[in-house]
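To keep things clear, I will list the structure first and then write my remarks on it.
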Amino acid sequence: MNHIKCECGHVNPEGTVLCEACGKPIAENQHIDGNDKKKLLNMRYEGSARRSTTYNKTIIDKIWNFFSSVKVGVWLIVLALIASGIGTIFPQEQYIPSDAISRDPQIFYPETYGIFGKIFYQLGFHNLYSSWWYLILIALIGVSLVVCSLDRFVPLYKALKRQKPKRHETFINRQRFYSETDHVSSEDLNTVKERLLQQRYKITEEDGHIVAEKGRFSRWGPYVNHIGLIIILIAALLRITPFMYLNEYLWVREGEVKVVPGTDGEYYIENKEFVLDTYAEDDERFKDAIAKQGRVIPSNFQTNAIIYQAEDQEVIGAETKLNKITDDEISMNHPVKFGGYTLYQQGYQLNEFSKMTFKIYEMNDPDADVLGEFTVDLFNPKTEYKLDNGFKVEVTEYYPDYIITEDGISSKTKDSNNPAFVFKLFPPNSEESEISFVGNVLGAVEGLGIDPTVVELQPMGNVIGSFAPSVDPTGENNYRILIDSIDFDRKSGLSVKRDRTLPLFIIGALIFMIGVVQGMYWQHRRIWIHPKKQGILLAGHTNKNWFGLKKDIEKAIENTPIQMVKDQNNE
Amino acid sequence: MESLLNTSSTMLFTAFILYLVATFIFSFTIKDKNKERKRTEFAGKLAITLTIIGFLSQLIYFITRWMASGHAPVSNMFEFVTFLGMCLVLAFIIIYFIYKLNVLGLFALPIAMIFIAYASIFPTEIAPLVPSLKSHWLYIHVTTVALGSGILFISFVAGLIYLIHGIDQSVRSARTISLEIVLYIIFLIIGFIVISSVFGAMHYNASFEYQSNGKTLQSEYHLPPIAAPHDGKLLTEDAMKPWFEVPTWMHGADAGKKFNTVIWSFLTGTVLYALVRLLCRKRIGAAIQPLLKNVKPDLVDEINYRSVAIGFPVFTLGGLIFASIWAQEAWGRFWGWDPKEVWALVTWFFYAAYLHLRLSRGWHGEKSAWLAVAGFGIILFNLIVVNLVLAGLHSYA
Ligand code: HEM
């Protein structure tokens, strides 16, 4: 390595722009920071020798230099910014609304947003934030961050440590804040020093040369915050592994005990009771807003749950023994935690159909004599029901979650949210059958102006069915099948999470915040006093907040003959 | 309860009037001929005092409304935008005491007033909180974001002053046109406020019935329908006949109504702009420029940068960190790529880019000023477009 010896005696590493000790510009390197074209010196990294500005031969040098350029960094940030914005033009796949035409992205985007939706889907923007190119972009920002920081931190640290109060004159008069005063007495100088000390400057002297400095630690702010960002990126990377991050969903009905998914059968949950509270329509505070919205607004929903831990089984196949570990109320913003897992209240369903009982009548029978009765367990429907008095009912179609659209009848989900049936009824000893359609209770309920997402239907279970249609498609039926009673279930939707990366994210965010505050709310300020004949040269530099530095200098030299510094930037 | 709410709205109105008067007095400070030093100094002191009193009355509005509703009043569009206006004033007061620059008030206060006026277009009833919003972290998150945004807005104010002062208005150029577009957009927002208030005061209403996703929906227009929903049927009898229907692809809930509002805002804003322009007989930028003769561009540039430096950490804390904590508590996922979250990230990226660009030599002054304007645009985009159009979990309206 070539070293450069300055006239002040200090030996600088190759590529140094301003001598680390006295600041004298090193003639052959002035092009590096563009000082050769400007009157003012570029002070960004104290003119220290950075790898990126010194070497540019090997491929490694070139890669290093690419990533250590702030320009490249800014480009990466801007690209990430634009990409992120694009992803919000239409909803991401996970946010396709539940009442959409279809939750299949291939259908949803073109159907809902036309040609633009189609392009959006085909470019893969419906999963933009987990696309390989987006992740690479973020990773490149990470690489750039590391390289950039290493490239600058070490030389900057050394330069600031080695700086001396005694500076070369060209260093002083090429600062942005600069003034010359021909005659200054030593009392005046003492006053200035005194005042600088009062403003909490640290003063170092050497042969009458003075540097007053404060806030140097703020120079490390950017490096600290970049470390925070790196930790966050690493945490995000780790989160891809199931060991670090687990996310499951579970529905549990009232009264049901279920294993908590993702826990390898270790934990069980019992839904003792599901509670839904709504705002009273005559609530004095909110009545106007509720009336305007025209619907019931939930105020709280929660699962009163018991969590059990399974005891280690000694005999394989023996019944699992469950030990209660907590008894808690899980609601929005109040998750329950146990054994490293957290359960969040996410959703609920009040009116899941569990059982429907049907009765058979003769068409147009004024006495309504019941000819037969059967009950369908909706979680386990049979294909055929044989009744005592010889009737036989075949279930030809079952739509658990009935919906009718332009494309015909279908089932929105596999859950029995709104069952509808097409029955084939065989009267006793008959090979002839007749078809009837029964169901779509929710359609009838909504027709009555009841909102089944917040109103419980259970108490109406015995009457509500009579509003549901029973259709005779041929108009030639001799019998009618009517809903007699309905049992409903209430189920609670909970998500199960275990996130071991959280502490890392927290530490990263904390370090980031410390770093930005350190770099933004404090500034590194230096004032040099350089004796010359009977007078002095005065210069000042700060990395930001020149206004503040100017005020400091004004205060320090008040009522002394020392000339106020001029801002040479304006000349 | 009623009386608390009455106090609350009176105090908000008082704050608005005080900001108006303070703006007026700030306008006396910008001539600054040396002979009149004393007088301008007095005017400046009076104006900032009025601003502070105005801020205090808005604070009382905030507290009394909180008491009346039982939750921090930042939970719907009216409350949040009002609060944002208040944060802008607070940020202005802070920056004022650092730099003592009167001309900032002349621009910051009218913008705060536009925010408050804009807020009042939205329903002002106290609304009940849905379960996911019932969290202290939500308040902490929202108030911190608003404060951070308020501080970042000051950089826009400074940038705007820099541009109006510095751009050569003697010839037409890309820069004069861009600046004029920025000012024109402000007119559009004012146009929206004016036209909505006029028809709001008349309780104008026209209902449409239309189909969306296989459901029959109703849309209540509060402005005369120029554009009807696609396949919409006008239910109100004596309402104006719509001129046309919005195209098929605009078929989200209320898409027709939103588009209609946009048309009205354009019409009104353009008329207002044209009127002012006719009165001045030159570009609005050129008309304001002489008022800013005494502005020191270096100082304004420094304020632009400084407010980003102060606002960025606050915004990060509120918009990303507190937001994540809340999301973690509510949904067990601290980040979900919801549009609102993404735009907070975009804003953050943008100001990070700004800070990095300031590290190099060529980006001070005018370029920074344009960046500050763009940053303001991004925050407003998140507030208006994302809330009302792209709507995610945070959708208020
Ligand atoms: C989103 C990602 C990033 C954020 C949030 C961020 C944040 C910051 C902040 C707040 C500062 C302080 C600026 C100031 O004091 O005015 C800073 C400085 C800096 N950043 Fe970044 N940064 C990011 C990415 C990058 C990247 C990719 C690079 C690499 C090219 C980079 C290189 C630098 C450099 C060289 C400094 C100046 C250090 C100094 O003043 O000595 N940053 N960064």
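Glycine too: its Cβ is placed from the backbone N, Cα and C atoms.
Because TrEMBL annotations are produced automatically, they should be read as predictions rather than curated entries.
Residues or ranges marked as transmembrane segment in TrEMBL: B:12-30 (among others).
Long-range contacts of the transmembrane segment (B:42-68) within its own chain (CB-CB distance under 8 A, at least 6 residues past either end) are made by residues 1, 4-5, 7-9, 11-12, 14-19, 21-23, 25-26, 28-29, 79, 82-83, 85-86, 89-90, 92-93, 96, 100, 102, 105, 109, 126. Taken from TrEMBL, the feature transmembrane segment covers B:42-68 (among others).
Taken from TrEMBL, the feature domain 'Cytochrome c assembly protein' covers B:75-208 (among others). Residues in the domain 'Cytochrome c assembly protein' (B:75-208) partition by DSSP class (helix H, G, I; strand E, B; coil) as 103 helix, 3 strand, 28 coil.
As annotated by TrEMBL, transmembrane segment applies to B:80-99 (among others). Sequence-distant neighbours of the transmembrane segment (B:80-99) (same chain, 6+ residues past either end, Cβ-Cβ under 8 Å): 12, 15, 19, 48, 51-52, 54-55, 58-59, 61-62, 73-74, 105, 108-109, 111-116, 118-120, 122, 142-143, 146-147, 149-151, 153-154, 157, 299, 303, 306-307, 311, 383, 396.
Taken from TrEMBL, the feature transmembrane segment covers B:106-126 (among others).
Feature annotation from TrEMBL assigns transmembrane segment to B:138-165 (among others).
Long-range contacts of the transmembrane segment (B:177-202) within its own chain (CB-CB distance under 8 A, at least 6 residues past either end) are made by residues 114, 117-118, 120-121, 160, 163-164, 167, 222-224, 261, 264-273, 276, 283-285, 370, 373. Look at TrEMBL and you will find B:177-202 (among others) tagged as transmembrane segment.
Annotated transmembrane segment per TrEMBL: B:262-280 (among others), in sequence order. Nonlocal intrachain contacts for the transmembrane segment (B:262-280), taken as residues 6+ away from its ends with a CB within less than 8 angstroms of a stretch CB, comprise 184, 187-192, 194-196, 223, 226-227, 286-287.
Taken from TrEMBL, the feature domain 'Cytochrome c assembly protein' covers B:266-394 (among others). The average pLDDT the prediction assigns to the domain 'Cytochrome c assembly protein' (B:266-394) is 89.
The transmembrane segment annotation in TrEMBL covers B:308-327 (among others).
If you look up TrEMBL, you'll see B:342-357 (among others) marked as transmembrane segment. For the transmembrane segment (B:342-357), the list of distant contacts is 145, 152, 308-309, 311-312, 315-316, 319-320, 323, 363, 367-368, 371-372, 374-375, 378-379, 381-382, 386: same-chain residues at least six beyond its ends, Cβ to Cβ under 8 Å.
Feature annotation from TrEMBL assigns transmembrane segment to B:369-393 (among others). Residues of the same chain lying 6 or more positions beyond the ends of the transmembrane segment (B:369-393) and with a Cβ under 8 Å from any Cβ of it are 77, 81, 84, 132, 149, 152-153, 155-156, 158-160, 162-163, 166, 178, 182, 258, 301, 304, 308, 336, 338-341, 343-344, 346-347, 350-351, 354, 357, 363.
Break the domain 'Cytochrome c assembly protein' (B:266-394) down by DSSP state and the numbers are 106 helix, 0 strand, 23 coil.
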